[in-house]
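Structure, as structure tokens:
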Amino acid sequence: MTQTPPALRLSRITKRFGALTANDDISLELASGEVLALLGENGAGKSTLVSILFGHYVADAGEIEVFGQRLPPGDPKAALAAGVGMVHQHFTLADNLSVLDNVMLGTEPLWQLFSRRKAARARLLETAARFGLALDPDAQVASLSVGERQRVEILKALYRGARILILDEPTAVLTPQESESLFATLGQLVAQGLSIIFISHKLDEVLRVSQRVLVLRAGKLVSVRATHETSKAELAELMVGRSVNLPQRESRMPGERVLQLRAVSAHEAGKRLLDGLSLDVRAGEIVGIAGVSGNGQLALAQLLCGTLAASTGEVLLKGRAMAATPRDWVAQGVARIPEDRHAVGIVGDLPVWENAVSERLHTPAFSRCGIVRRKAARQFTRDLVTRFDVRLSGIEAATRVLSGGNMQKLILGRALSVAGEGGTPSLIIANQPTWGLDIGAVAYVHRCLLDAARQGAAVLLISEDLDELFAIADRVAVMFKGRLGEARATEHWTRAQIGLAMAGSAAATEVADAA
Amino acid sequence: MRLEARSEVSRGALLLAPLAAILFTFLICALLVAWAGAPVGRTYALLLDGAFGSRFAIAETLTRATPLILTGLAAAVAFRARLYNIGAEGQLYVGALAAVAVGGLHGGTGFDLAPQLLFPLMLLAGALAGALLLLGPAWLKLKLGVDEVVTSLLLNFVALLAVSMMLDGPMKDPLAMGWPQSVAIMPELEFAKLLERTRVHSGLLLALGLSVLMWLVERFTTFGFALRAVGANARGAAFAGLPVQRTVLCCALISGALAGLAGVGEVAGRAGYVTLDMSPGYGYAGIVIAMLAGLHPLGVVLAACFVAAVLVGADSMSRVVGVPNYIADVIVATALLAMLVAALLTRYRLRWGRA
Amino acid sequence: MMDFLTTLADMLASVPFWIATLRIATPLIFGTLGVLVCERSGVLNLGIEGIMVAGAFTGWLAVFHGADLWTGVLVAALTGALCGLLHAMLTVWLGVSQHVAGLGITLLASSLASFAYRVSFPKVSTPPTIEPFAPLTALQGIPLIGPVLAAQTALSMLALLLVPLLAWIIYRTPAGLALRMVGESPAAAEGQGLDVVRVRTLAIILGSMLMGVAGAFLTLSAFNAFFFNMVNGRGWICVALVVFASWRPGKALLGALLFAAFDAAQLRLQQAGGILPYQVYLMLPYLLSIAALVFMARRAAYPQALMKPYRKGER
């Protein structure tokens with residue numbers, strides 16, 4: 001009797017992008033019915049590896065076998081046909097189409113004269129029932145919650161009869177409770193014989209769901225461990241490869257009220273984005289805003305960066321009503337770190353020095369009578385680059401070529417110098433400031449925020465990463481559907497309570513009250 | 001086939017791109033010349049000779065280049081802020097019309113003002129007319145998200161009909177024997193000739209001066225920075241506190257004014273009055289010129305001279321060999337598409353095989 | 001006021017008015033459907049103006065050289081396909097600016113048509129003519145609309161039939177779903193094993209073929225010869241009509257008919273000799289298109305990926 005082949009075998013996969021080796025000679029096997037965790041930092045090569053597996057990239061060397069059959073490289077269709085399903089971190093769904101449309105696409109011969117929608121709907125409902133994933137096939141994707149969208153993504157793969165499911169950072173956008181329900185679904189899938197690759201950089205989850213853990217670092221496979229034989233500490237060290245001191249919050253006495261929101265609401269195109277927000281942020285404290293993506297955090301950040309106007313209510317900075325223009329906020333010494341470095345934080349095609357001064361170009365420091373003081377601007381940029389350790393080829397280079405970490409340092413440097421030479425910002429608005437950064441850069445950003453708070457800045461930190469909030473925030477409030485809950489001292493929250501609040505459950509506040 | 005982003009764009013590649021595009025264009029168009037039954041080498045030689053072969057030829061090329069520099073600048077500055085102004089043709093005509101409205105010999109005499117006063121008024125009127133015509137599309141784009149390409153294009157037809165209406169009505173030249181032609185401009189307001197016995201006029205100096213001015217503005221001023229930032233990433237520019245809407249509206253005013261001035265130049269420098277065939281597509285050619293120049297205001301001068309040379313050369317060539325002068329339009333259009341590809345290749349590398 | 005209303009009622013009841021409306025609408029229907037197919041796949045095709053000129057010319061030239069009328073239509077469609085392929089190479093394969101590439105194609109196609117016309121007919125001063133499509137007099141017997149249809153040619157009928165056909169394809173077939181998906185979310189389409197580049201390329205080619213036929217209608221049915229300025233902005237109007245139609249074939253038909261009815265009405269007013277100069281009436285179609293764009297600006301549900309080039313692996 002021959003041995004049954006593994007569900008998936010990658011042999012000696014190597015992939016280079018120019019000078020960067022994203023995957024260096026990586027081999028792995030996935031058994032039937034196994035959950036294999038792929039652990040690694042941002043930029044360790046996890047995404048590249050699964051992109052190769054799914055046919056989005058072609059490896060420079062190496063082979064892939066699915067159930068003993070060699071997979072032709074660079075062909076997503078072949079991967080799908082072989083039973084490989086993929087759930088991306090950023091969902092790939094068409095918002096304006098129905099769930100059924102999204103699931104059916106590509107499952108029928110393209111030139112068939114009509115779609116067999118009735119049969120497809122029956123099969124979708126049957127598949128959904130079998131795996132316990134309830135969904136309305138006719139709902140528009142745009143009307144679904146984040147958790148429901150993820151279910152559609154999983155159903156897309158199951159509908160096609162996937163035997164191997166790859167989930168890329170699936171919990172990044174979920175509440176703790178939604179994550180639990182996802183883990184339960186994964187259990188059901190495995191029980192029915194599916195194999196799963198679970199990609200994450202969160203150690204607790206990895207320990208929770210997987211049988212084996214495979215650790216990637218800088219494109220190399222550094223270790224494979226059976227989950228029950230390893231520990232959080234060991235995995236952390238394997239993943240990072242060095243010890244990183246993540247800064248922790250320290251107790252400080254909060255000072256005067258810097259930012260006050262009084263029943264603030266905001267609308268855009270007839271849609272209510274913010275609904276009666278009230279919040280105080282005092283000098284020297286870090287207030288965290290938690291919430292599932294898309295519950296108004298972006299609007300709150302825009303409000304406090306001067307790019308969105310409140311329709312009712314008061315926005316006061318040190319008692320002064322603020323105008324909805326970035327210039328007013330910058331002039332008052334507000335440091336602003338946007339959620340999307342590339343799309344909002346910088347203008348990628350312009351040189352580094354122009355981006356470094358863009359917020360304050362109109363001030364006498366950098367222009368006179370509409371003429372840019374190029375010498376002063378360049379000198380300022382050179383100082384900033386040195387002070388914040390931005391690595392670059394030169395300040396004339398286009399800003400888009402900077403790495404994520406260096407780009408964030410540039411934005412951080414620009415924001416923190418709003419108060420001019422040697423001054424501390426009065427308020428820092430940081431929206432997801434560590435998203436997509438490696439652990440060294442995360443530590444750097446956290447240290448900057450903590451240092452600024454110690455020097456008297458009020459900090460508002462918006463984050464979808466609960467670990468980050470628990471690590472550095474003094475108080476945390478939860479946003480849900482444009483409303484903001486009460487900001488409580490971090491030690492008064494448990495993960496479960498925050499999770500319930502993120503899902504909009506009123507029970508969360510009651511539990512917290514009882515505590 | 002796939003594209004791989006280059007990490008750095010070399011200055012040499014930027015200079016080489018238009019030359020490569022032009023070379024490619026002439027190679028492709030050689031096929032058409034051959035199809036028309038003419039010897040390719042001789043045809044191109046005649047074209048070159050017609051554009052640069054004599055004092056007269058060079059003067060004609062420079063005369064043609066004058067409006068082209070201005071419409072090229074109009075497109076370049078607008079495209080820089082990603083405002084796709086395709087309406088330069090209409091803006092040119094209303095600019096010309098406004099020039100005649102201010103400086104024309106209405107009722108045989110015209111306005112009773114000193115020429116020193118009337119001349120700047122005429123320039124201003126032309127610039128303003130062009131600027132206002134683009135203000136509408138720019139405003140609709142900003143406030144309602146209406147695609148400015150389609151609106152500015154459609155306004156070309158409206159503008160031309162409006163001009164035709166004026167030439168039939170209040171501005172009709174009674175002595176033109178029924179030809180749709182406006183009254184002439186006052187002789188005192190005509191641009192001075194730069195070279196004797198040619199048509200080169202001081203509008204050329206105006207165009208060159210404005211090119212340099214636009215270059216200085218884009219490079220050294222806060223407005224120029226805002227213009228570039230808004231074009232490259234409007235959301236990023238808005239976050240940094242740049243006045244995005246004001247920048248786009250100012251850009252629209254400048255772009256429309258430049259195209260309007262092209263019309264003034266054609267009236268006051270060359271024709272002396274407005275006709276309906278005054279511009280053989282100068283407005284559209286401006287787009288090609290802006291792209292060939294890589295949107296650089298000084299590059300626009302060279303690109304405009306190239307297009308002018310093709311137009312003038314083709315006219316003179318087609319009189320000798322039997323190649324229709326429409327070849328000039330084909331060359332200009334092909335150059336635009338070739339330049340699009342060439343500009344892409346300065347930023348991306350073509351790779352064969354899959355990622 | 002009463003006077004105006006009776007005039008209006010008279011006009012709406014008159015057969016010639018509706019004959020003119022349908023004739024004016026036909027090229028707009030072809031063109032609008034062509035733009036619709038391209039834009040549903042996520043690509044703006046401003047080449048339409050030039051493609052219509054080129055289609056008008058090549059279709060007519062084929063018939064002039066002895067081909068039958070339907071072969072002429074086919075030649076026009078193939079001309080459109082060729083222009084569409086070029087547009088797809090530039091905007092889909094290479095991902096250059098769709099605005100500028102489309103304008104470039106318009107400039108190229110119309111200048112090539114003029115050039116080829118002059119090479120083919122160097123000396124003629126009056127444009128040579130062909131025998132165009134004949135009216136379908138057999139349809140006279142249909143109740144109510146018979147007299148209107150009987151004055152039309154087969155190409156108009158084809159345009160009317162295309163509307164439900166295209167609606168069926170877009171909403172009821174796997175190919176239509178693929179088309180909508182690449183226009184809404186190319187990444188999702190790619191993830192389901194679809195080749196985004198191929199779907200978009202085919203969509204642009206198909207759409208451009210319809211634009212070519214729109215041009216051919218002018219030389220093979222509406223008129224019998226080729227003139228240099230015969231398209232005269234109709235292509236741009238189609239681009240506006242697609243927005244007005246919210247990218248739906250049925251509404252595109254409605255929009256084209258509505259627009260044509262206005263155009264037919266202004267022609268009658270113009271002939272009736274109004275107090276306004278004739279140019280004012282001629283401006284109406286263009287102003288109407290702008291008004292349609294403004295009216296729909298806040299309502300239109302644009303295909304999400306329209307004008308966003310898709311490059312694999314780029315976010």
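Cβ coordinates come from backbone N, Cα and C, glycine included.
Segment annotation: TrEMBL labels transmembrane segment over residues C:15-36 (candidates C:15-36, C:235-256).
Counted as Cβ pairs under 8 Å, contacts with the transmembrane segment (C:43-63) are highest for C:202-220 among C:69-93, C:100-119, C:149-171, C:202-220. Annotation: stretch C:69-93 has the most Cβ pairs under 8 Å to the transmembrane segment (C:100-119), among C:69-93, C:202-220, C:275-297. Ranked by number of Cβ pairs under 8 Å to the transmembrane segment (C:69-93), the listed stretches C:15-36, C:149-171, C:202-220, C:275-297 are led by C:202-220. For the transmembrane segment (C:202-220), the most Cβ-contacting stretch among C:15-36, C:149-171, C:275-297 is C:15-36 (pairs under 8 Å). Counting only same-chain residues 6+ beyond the ends of the transmembrane segment (C:275-297), those with a CB under 8 A from a CB of the stretch are 233, 236-237, 240-241, 243-244, 246, 255, 259, 262-263, 266-267, 269.
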